[in-house]
Amino acid sequence: MEPEWLDIGPVSQLPTLGARTLPVRGGAEIAIFRTAHGSVHALVNSCPHKQGPLSQGIVHDTSVTCPLHNWRISLLTGQALGEDKGCVPVIPVKIDSGRILIGRAEALAGLGAVAA
Amino acid sequence: MTHPIQREHLVVIGNGMAGCRAVEEILARDPAQYRVTIFGAEPRVNYNRIMLSPLLAGEKSFDDIVINDQAWYDDNAIDLVAGDAVVSIDRAAKTVTARSGRVTLYDKLLIATGSDPFIIPVPGKDLPGVVTFRDMDDVDAMLKAADGGGDAVVIGGGLLGLEAAHGLSLRGMKVTVIHLMPTLMERQLDEAAGWLLKSALEGRGQTILTGADTAEIFGEGKVEGIRLKDGREIPASLVVMAVGIRPSTGLGREAGLAAGRGLHVDDHMVTSDPDILAVGECVEHQGQVYGLVAPLWEMCRALADGLTQRHTGYTGSVTSTKLKVSGIDVFSAGDFSGGEGAEDIVLRDASRGIYKRVIVKDDRIVGAVLYGDTADGNWYFDLLKKQEDIADLRDSLIFGQAFAQGGGALDPNSAVAALSADAEICGCNGVTKGKVVSTIEAGACTLDAVRATCKASASCGSCTGLVETLLAITLGDDYAGERETKTMCKCTSFSHEDVRALILEKQLKAIPQVMQELHWTTPDGCSSCRPALNYYLLCAWPGEHEEDPQSRFVNERMHANIQKDGTYSVVPRMWGGVTNPRELRAIADVVEKYEAPLVKVTGGQRLDIFGIKKEDLPAVWADLNAAGMVSGHAYGKALRTVKTCVGSDWCRFGTQDSTGLGIQAERMTWGSWMPHKFKIAVSGCPRNCAEATIKDFGVICVDSGYELHIGGNGGIKLRGTDLLCKVETEQEALDYCAAFIQLYREEARYLDRTAPWIERVGLDYVKARIVDDATGREALRQRFLFSQSFSQIDPWAERAAGAEKELHQHIAEIRPFAVMETA
Ligand code: SRM
Ligand SMILES: Cc1cc2nc3c(=O)[nH]c(=O)nc-3n(C[C@H](O)[C@H](O)[C@H](O)COP(=O)(O)OP(=O)(O)OC[C@H]3O[C@@H](n4cnc5c(N)ncnc54)[C@H](O)[C@@H]3O)c2cc1C
Ligand code: SF4
Ligand code: FES
């Protein structure tokens, strides 16, 4: 049976208030973020504005500020915050025994949506 | 009105915190009921004893910590007998006798003698140089000892001992703390927090010996050191005993009052003699004695109510503790010993040095220990005191109030609004939220007015943010705010200037600490304040600053400029715009090897290689380093380029060696972080081919020397430079340049280029600092060079050698899985 979750490594490899990337099929990337409270979130690494790499932004509270033009994106919903409108797919994450698991189907579907 | 002489005579023994507060409470209820005499053993007015620690640390003066000055005694017709201790009480005659022989009749007697420091009975305890930490005389003795520098030993690693050690170490002494137990502050902190505390203090240069038992204090005629039971000797010219306190009950016992550990009192603070009351640390109420001020405020209220026929009664206190060591946040409340049925909720964040533990029993909080982030201390304490049911909050409890109550993080006001009226706002002066709000409603509509009226935030000031929030909530649109200048961002009520001043004043050295101490209203700031704070800290503490990469904009984190497609551009430094075949070859090789789509001459006289992938950056840098090139900081709020023209070496009009001077300037200033980018140019004559008059610092060479220009900007808003002055030698040109940069670094707001900064402060101000004040200029230059001694390290070389390689790598690769899935 296909596993539902993909283990992508220990939480300790994520910098607090930072992110790392996971390349997947088709050259796209998933960005995995860690907040100050230690919660972990994953978004498609592509800003709804002009595809800026969100993984390189500044993480604060539960949002990330895009490095290209400073849009703020919610890590919880993928929605652009404030005046800006747009949304990036969220990939489910769970932590099990200190390891990061991401939703397999969503990861791939989310990327399909972006690649299209 | 009753004539003063006919009023009942209230005599108070002890001019300390409880004694005077009790009198204040009585006067507030009925100013005419008593004629008051206060005896104080100390030869001074009433002051805030808990502020002796900041006083020792040099953060306060005696005047700052006075609670009631002489005018208060005069205005209220209180007879203060300072410096004359009471030596006996005659209950039958209803008199007290003072050391001077003075005998005073009382109708009501109030004993508020506090505690005596406990002295461990070891040989040498009476040597000169052995002091306790209880009153102003002790602090004076410590300050005198600290004047000579040298070694100090503090016996006792509790609250008092650590505050003494902190103060002495700030005063320049080399401090060793001797603590009997295995962890510091074991009565207030659990092991984990005690350990964090220990390592933080060690990081500040103190030596902490736990599990250490003092055998003897030795010295000929004065202290020379201590010897531990395990034989170790520690030299010391000062020994502070801070091992605990004992209620001062002698007077009462001798007069035959009932006493246990303290003088027994009932709920109205009356002792076994109905005409004698007692309050403060010297009492025992229902088996409890207290060593903190909060219970004493409650006792004083009950006492005054009792004396003025309002029998509310005292019911005991739950206490919380905060350590007053600037920059180290520790909070503890209630019972943290765990035990049957108790459950721990723990949050640790090692990278931020945070440890939080909330102890829950039957869905009620029974204790809390917070280290590193104590913002929620009051909230937990409030829930604890009220024994509120936290079942619904449980999952998010540990993340603090803002998080647990949902959405609050974005609205700081709602968190404060949610506090109950009796939640304590000002710990130093025991002022509740209700009291602050009623003070505001009664007309105190500025921070200063609140401070003057109810004393909230008038002592250590750490609740200033809370009080301001209460002003904002209570007054709504009517609250003008305290400050004319703009706040740094929505996360704080402080301006850039305030924050910079407070960083220095409070010795704040890390971003979480700044946010903690200055009451940031967001948990971890935002993308505007974090980079600014990181800069302010590195500027304030060169050499000590620890970088926070997560507070750097991506370009400064990756040491390259991010491009619209997520790749990076790489600009190596080309000193003064001069290059050579070896450098050009290395650049050419990089372009080919990494298939860079574009290489371009920049407007800053160097070459820019475009389209490099983040994974390839370290390798690119290694190749460029190998040819002797370092980062050009084309990505940084930092020294960018120094443009030059060919100058006197080649040009027929050249008056001086502009190329050489430009290279010297770049060698001196490269690597320096600034509020914004900073550009320099040197032109060899007034034809100005290097465009020096649109640079932050520009030099125009003339026959007789060098014209120095400042504040130019060729960007969005064109601004020509102002002439700063003319100097005669290259060295002077460099010295002025360094001083000017440092002034800009220290005083401009983050993201101000020199042009808007100078427009704001005025050219005259800059001239006064750089041209007219030679000593100040030299000091600025020295500070710049000192800071440069830490920042002229090529960030590329560190990365090329493998530092932070994870920034350039993916966390994992799952391509095989993906392929299998499609199959
Ligand atoms: C590469 C270069 C253009 C070129 O191909 O020549 C360049 C490229 C950029 N400039 Fe510039 N500027 C370049 C010389 C200039 C100059 C000319 C000069 O320095 O003599 C100016 C006007 C002089 C000045 O600064 O006063 C200039 C004024 C700006 C400004 C407006 C600054 C202002 O104060 O108004 C910005 C925007 C900003 O910094 O906020 C900017 C911002 C940028 C950024 C960083 C845009 C960005 O944020 O991504 C561009 C980065 C490109 C990259 O990835 O490398 N660039 N830029 C030049 C690099 C010089 C170097 O060797 O380091
Ligand atoms: C350095 C330091 C830091 C502290 N920090 C904190 C803190 O952060 N938080 C906190 O809650 N608590 C703190 N405390 C404890 C707090 O100061 C005490 O709980 C509080 O002062 C007790 O008040 P009191 O009136 O009972 O005693 P005191 O304030 O000590 O007043 C007693 C007074 O009575 C005088 N006296 C004694 N005998 C006689 C006599 N026979 N005749 C005349 N006068 C007499 C004494 O000289 C003294 O002035 C700290 C204490 C110290 C020393
Ligand atoms: S002028 Fe504008 S487009 Fe050209 S490099 Fe500078 S910022 Fe980019
Ligand atoms: S691409 Fe993210 S803000 Fe423009």
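Placed from the backbone N, Cα and C atoms, the Cβ positions cover glycine too.
Predicted automatically and left uncurated, TrEMBL annotations should be read as such.
Annotation comment: TrEMBL describes B:C645, B:C651, B:C685, B:C689 as [4Fe-4S] cluster binding site. Around the Cβ of B:C651 ([4Fe-4S] cluster binding site), 16 further Cβ atoms fall within 10 Å across all displayed protein chains.
Counting every protein chain shown, the Cβ of B:C689 ([4Fe-4S] cluster binding site) has 18 other Cβ atoms within 10 Å. What TrEMBL records for B:C689 is siroheme binding site.
Taken from TrEMBL, the feature domain 'FAD/NAD(P)-binding' covers B:9-284.
Helix, strand and coil counts under DSSP for the domain 'NADH-rubredoxin oxidoreductase C-terminal' (B:320-387) come to 13 helix, 34 strand, 21 coil. As annotated by TrEMBL, domain 'NADH-rubredoxin oxidoreductase C-terminal' applies to B:320-387.
The domain 'BFD-like [2Fe-2S]-binding' feature in TrEMBL is assigned to B:425-472 (among others). Sorting the domain 'BFD-like [2Fe-2S]-binding' (B:425-472) by DSSP state (H, G, I as helix; E, B as strand; all else coil) yields 26 helix, 4 strand, 18 coil.
Annotation comment: TrEMBL describes B:488-537 (among others) as domain 'BFD-like [2Fe-2S]-binding'.
Look at TrEMBL and you will find B:563-627 tagged as domain 'Nitrite/Sulfite reductase ferredoxin-like'. With DSSP classes pooled into helix, strand and coil, the tally for the domain 'Nitrite/Sulfite reductase ferredoxin-like' (B:563-627) is 26 helix, 14 strand, 25 coil.
Residues or ranges marked as domain 'Nitrite/sulphite reductase 4Fe-4S' in TrEMBL: B:636-770.
Surrounding the centroid of the Cβ atoms of B:C645, B:C651, B:C685, B:C689, where the record places [4Fe-4S] cluster, the chain contributes additional residues within 8 Å, namely B:V646, B:G647, B:F653, B:G654, B:S658, B:S683, B:G684, B:R687, B:N688, B:A690. In summary, the domain 'FAD/NAD(P)-binding' (B:9-284) lies against the domain 'BFD-like [2Fe-2S]-binding' (B:425-472): three or more C-beta pairs, each 6 or more positions apart in sequence, are under 8 Å.
The binding-site residues considered are B:C645, B:C685; of these, B:C685 has the fewest other C-beta atoms within 10 angstroms of its C-beta.
Assigned with DSSP, the residues of the domain 'BFD-like [2Fe-2S]-binding' (B:488-537) fall into helix, strand and coil as follows: 26 helix, 1 strand, 23 coil. Mapped onto DSSP helix, strand and coil, the domain 'Nitrite/sulphite reductase 4Fe-4S' (B:636-770) counts 52 helix, 34 strand, 49 coil.
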